[in-house]
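Asks: Before I ask anything, here is the structure I am working with.
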Amino acid sequence: MSNTKYILGHFEDPDDMMHGIDRLQENNITIYDVFTPMPIHGIEDKLGYKRSRLPIAAFCFGLTGTCTAFSMIYYMLVYDWPMNIGGKPSFAMPDFVPIMFELTVLFASFGMIITYFFKNHLFPGRAPRVMDFRATDDRFVIAIDARTNPYHDKIDDLLKEAGAVEVLHNDRKYVSYE
Amino acid sequence: MGTHNHTHNFSQQFEFTGKPKTWSLIAIVIGIVAIAYGFLIDTSETHAERTFANLLLMGYYFTCVCAAGTFFLAVQYVAQAGWSASILRIPQAFARVLPIAAVILVLICAAGLFTHHEIEEEGVKVSAPLLYKHWATHGLADPASEHYDEVIAGKASFLNVPFFLSRMVIFLGLYSIFAMLFTRFSYNEDLEGGMNNYQKSFKYACIFLVIFGFTTPIWSFDTVMSLEAHWFSTMFGWYNFAAMWVSGLSAIALTLILLRKAGYFTWTNDSHLHDLGKFMFAFSIFWTYVWFAQFLLIYYANMSEETVYFYERWEPEFKPWFWLNIVINFLSPVLILMSRDNKRKENLMMFVAILLLCGHWLDYYMMIMPGTVSKHRTFGITEIGIAIGFAGTFAFFMLNALSKRPLVPKNHPFLEESLHHHI
């Protein structure tokens with residue numbers, strides 16, 4: 001038994017890589033993940049990815065912003081320190097709307113960024129998780145979990161047949177922790 | 001993913017026969033009957049003014065939807081958009097109806113200005129025109145007259161009948177010329193191929209957008225805002241533009257969905273619908289944004305010459321409709337169209353498109369009625385009949401224009417992109 005944890009197939013051409021995904025899937029080999037230097041149309045459907053739930057998080061953050069703004073202004077202008085502004089009642093709802101709108105946008109956008117960073121382990125000071133550096137440059141990489149897919153030679157052959165220029169057997173998952 | 005195998009018939013043409021033709025003709029007849037009812041049979045005090053207000057409302061709405069179709073074309077050309085290439089014949093059909101709509105609107109305004117009736121204002125009998133009585137009544141700008149109005153006299157160099165009508169004719173004439181140019185380029189493209197016609201469309205679209213951007217606010221100031229000539233708002237033009245654009249997009253979406261249900265436009269998919277849904281969603285929020293921008297400044301400054309506009313709309317006759325307007329045009333699209341999946345559901349999109357079209361009818365109703373019939377506001381045969389009549393007129397001319405050419409601009413440079421549109 002080898003120490004290989006992940007098998008990485010390097011492709012130079014996205015079409016070859018898409019073909020490689022097809023070949024692996026035809027042979028019932030589960031793909032751990034695919035890394036590409038640019039977005040590739042239709043790849044999520046091919047890999048069976050679920051849609052991101054980020055919009056739901058954004059909605060919740062936005063709603064939090066609206067409520068925060070409303071309670072903040074209500075506390076300041078109506079409850080704690082009512083002032084006579086232009087002879088209007090303290091609880092002048094139309095005046096609240098722009099601030100409520102702005103805080104909704106602010107909370108939704110910051111909330112989305114923080115959620116995205118959190119999910120992708122991209123906090124400042126934290127080493128990023130990268131399985132192959134060249135996937136951020138000029139290579140299209142298919143990663144296969146070597147522990148759950150036993151026939152490593154067959155995987156190598158399939159990747160090479162599909163046009164892989166290089167097949168790596170990595171002993172560790174992330175190369176970026178050195 | 002059915003678009004990957006090209007089995008669609010791209011020379012397919014819409015056949016304007018059967019039910020759509022019958023129903024649009026019936027709707028036109030209903031409209032004519034309603035106009036006749038409003039002028040001749042209805043005996044209430046303001047019946048003629050009310051009929052004219054409704055004619056203006058629907059004439060303006062009709063022209064706005066056709067102008068929005070032209071604007072849609074221009075925006076797609078200038079943005080060099082690919083997704084819309086396979087549905088462009090629908091806004092092109094709208095654009096082809098624009099000259100007809102423009103003539104109808106000019107006729108309505110001219111007829112309203114030149115027909116008079118007696119009204120009593122502050123104890124004085126006045127012979128006022130049926131439309132635009134606030135500035136077009138004779139003697140308002142004449143210091144010697146007993147009806148002299150200083151505010152209106154100050155605006156008389158802009159708001160006078162010859163200049164008003166010539167402005168309207170020039171603006172609508174310009175829009176119509178560009179509308180005809182865009183459709184002609186697209187049809188020439190079908191015959192000749194090549195990039196020549198597309199590049200010309202791009203160039204003329206740039207010119208059109210500049211003209212349209214500067215003249216639509218003035219057009220709406222003239223046609224709608226001058227009904228209450230003592231009041232003015234600089235936001236009004238954009239507010240009207242937003243209403244025009246949302247209702248135009250809803251009309252495009254509704255036409256596309258109905259034609260898909262009838263077995264046409266088989267090459268469009270739910271991604272096209274999704275994009276139209278995003279447009280409707282986004283510009284409903286834009287509409288609310290300008291509506292609120294106009295409202296908030298007037299509310300905050302609280303100057304009586306400005307607040308009078310909302311004061312009138314806050315009277316018991318209008319108050320429920322004032323709120324309903326915001327519920328239909330803001331809350332419903334926001335809540336219904338926010339989710340991605342909902343924008344892809346044909347029946348739901350159809351419902352929202354119809355709702356928004358009705359909503360913007362109400363929006364125009366709220367703009368026009370307080371300045372015309374004011375306290376005698378009614379909702380009955382005249383309103384519904386004239387709305388149906390104009391919807392029928394629009395459907396008849398638009399579908400007729402659509403049936404004249406193939407449903408796909410087959411030499412459009414971005415057609416392939418549109419056929420494979422997937423988001």
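Backbone N, Cα and C define each Cβ position, glycine as well.
TrEMBL does not curate its annotations; it predicts them automatically.
Annotation source TrEMBL lists transmembrane segment at B:22-40, B:60-81, B:93-114, B:164-182, B:202-221, B:241-259, B:279-301, B:321-339, B:348-367, B:379-402.
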Asks: Per the definition of 3+ C-beta pairs under 8 A with sequence separation of 6 or more, do the transmembrane segment (B:93-114) and the transmembrane segment (B:279-301) touch?
Replies: no
Asks: For the transmembrane segment (B:348-367), which partner among B:60-81, B:164-182, B:202-221, B:241-259, B:279-301 gives the most CB pairs under 8 Å?
Replies: B:241-259
Asks: Which residues of the same chain, at least 6 past either end of the transmembrane segment (B:241-259), have a Cβ under 8 Å from a Cβ in it?
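Replies: Same-chain residues near the transmembrane segment (B:241-259) but 6 or more away: 14, 61, 64-65, 67-69, 71-72, 87, 90-91, 93-94, 216-217, 220, 265, 268, 272-273, 276-277, 279-280, 283-284, 286-287, 289-291, 329, 346, 349-350, 352-354, 356-357, 360, 363-364, 394, 398.
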Asks: Excluding the flanking five residues on each side, which residues at least 6 beyond the ends of the transmembrane segment (B:60-81) place their CB within less than 8 Å of a CB in that stretch?
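Replies: 88, 90-95, 97-98, 101-102, 104-105, 172, 175, 178-179, 182, 198, 201-202, 205-206, 208-209, 212, 216, 223-224, 240, 243-245, 247-249, 251-252, 360-361, 364, 368, 390, 393-394, 414.
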Asks: Can you tell me which parts of the same chain pack against the transmembrane segment (B:379-402), counting only residues 6+ beyond its ends and a CB-CB cutoff under 8 A?
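Replies: Result: 14, 16, 20-21, 23-35, 37-38, 42, 47, 50-51, 54-55, 57-59, 61-62, 65-66, 89-90, 92-94, 96-97, 100-101, 104, 251, 255, 361, 365.
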Asks: Go through the chain and flag residues at least 6 beyond the ends of the transmembrane segment (B:279-301) whose CB is under 8 A from any CB in it; none is fine as an answer.
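Replies: Contacts of the transmembrane segment (B:279-301) (Cβ under 8 Å, skipping residues fewer than 6 from its ends): 233, 235-236, 238-239, 242-243, 245-246, 249-250, 253, 307, 309-310, 326, 329-330, 333-334, 337-338, 343, 352-353, 356.
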